[in-house]
Amino acid sequence: MNPIRIGILGYGNLGRGVELACAANDDTELVGVFTRRDPATVHPYGENVAVWPADELAAHTDDIDVLVLAGGSATDLPEQTPAAAALYNVVDSFDTHANIPAHFAAVDAAARETGHVAVISVGWDPGMFSVSRVYAGAIMPNGADYTFWGRGVSQGHSDAIRRIPGVVDARQYTVPVPAALEAVRSGANPELTTRQKHTRECFVVAEEGTDTAAIEEAIVTMPNYFADYDTTVTFVSQEELDRDHAGIPHGGSVIRTGTTGANGENTHVIEYSLKLDSNPEFTGSVLVACARACARMAAAGETGCRTIFDIAPALLSPLSADELRATML
Ligand code: NDP
């Protein structure tokens, strides 16, 4: 069987993760990377991987089976995914949860009109966490859902701190409160406020001579980002930040607790948990498994947009149906 020919649009952290995931799978081959920057400045790991300008997207439709979009959710993907779905079968990791229905509609229209398959909002959240929430809710109607994130770096919160005057650089970690996790895992079904579930730890490099107390105040009172959390701010040097906080770890747990029995006397706890050394490399791995499913759905003549809920598990796996029945059931 010929490998699935993959292209990547946007070569940041996630783009690199997608490239590594292509190399880790025998049935996928990365053909080329599209970038909006000068292609001469973008260097994929693979020597044979072409780098093309993003405005030549339409020129390689014969070379690529599935285009994986690795741009940012805030401004890149709302434009790039519908445009790319008019040319290619596509996969993206769009993670602005509230806007997923609108994004789905735009991508679905473009994919249907041109006969392509698009898979959107895959990764771990949305993605693998979403699958876990659906399975758990379907199995246990009498219960409650909990999602804890971290310990991990939140890029959005780190960016928000960097925009404060006097801040040179910053890293923000989201951390689950151990007591809250314990209470949920016990099956006690606690009602938890935002503040009770997570804390936020900020490591900040300030300009020399800046009023660090004012920066700290600006962080801990920032609405939507920090005001609803217990937030700690630690000022560090750029060297310390680069040395101790260079990685992009993340993870978390999706938990549903519920009861069965005539009087609800039996308690059950379902938990799906991730501990990721590298958020983009894990997310890239999910995207490539979904690219495999996307290629298979396209080969079967399907068109239109899909989310992780529409993809049967067997479509994600490199194993055949016989192998899956023999080894995974
Ligand atoms: P990056 O900021 O690293 O990359 C985003 C884009 O920025 C790239 O595609 C690249 O496009 C552009 N870019 C511009 N300048 C540079 C530069 N100097 N170096 C690298 N890239 C540059 O974001 P991430 O890759 O970390 O994340 C992308 C998105 O993935 C996030 O916005 C998030 O929405 C999503 N995500 C989803 C997850 C999920 O679970 N669903 C989990 C993790 C992330 P170009 O090459 O065209 O310049």
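Any Cβ shown, glycine's included, is placed from N, Cα and C.
Copied from TrEMBL, the annotated features are:
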{"type": "BINDING", "residues": "11-14, 35-37, 93-95, 122-126", "note": "NADP(+) binding site"}
{"type": "DOMAIN", "residues": "123-278", "note": "domain 'Meso-diaminopimelate D-dehydrogenase C-terminal'"}
{"type": "BINDING", "residues": "TRP149, THR174, ARG200, HIS250, ASN279", "note": "substrate binding site"}
For ligand 1, pick out the binding-site residues THR35, TRP149, ARG200 that have a CB under 6 angstroms away from one of its atoms. THR35
So of ASN13, THR35, THR174, ASN279, which of the binding-site residues has the fewest other Cβ atoms within 10 Å around its own Cβ? ASN13
Considering only the binding-site residues ASN13, THR35, PHE94, TRP124, PRO126, which fall within 10 Å of ASN279 (substrate binding site) when distances are taken between Cα atoms? ASN13, TRP124
Segment confidence, the domain 'Meso-diaminopimelate D-dehydrogenase C-terminal' (123-278), expressed as mean pLDDT: 97
Are there residues of the same chain, six or more positions away from TRP124 (NADP(+) binding site), whose CB falls under 8 angstroms from its CB, and which are they? HIS250, LEU274, LEU276, ASN279, PHE282, THR283, VAL286
State the Cα to Cα distance, in Å, between VAL122 (NADP(+) binding site) and TRP149 (substrate binding site), rounded to an integer. 17
For PRO126 (NADP(+) binding site), the nonlocal same-chain Cβ neighbours (under 8 Å, six or more residues apart) come out as PHE94, ASP95, HIS97, ILE100, THR307, ILE308
Distance [Cα-Cα, Å, rounded] between THR35 (NADP(+) binding site) and THR174 (substrate binding site): 31
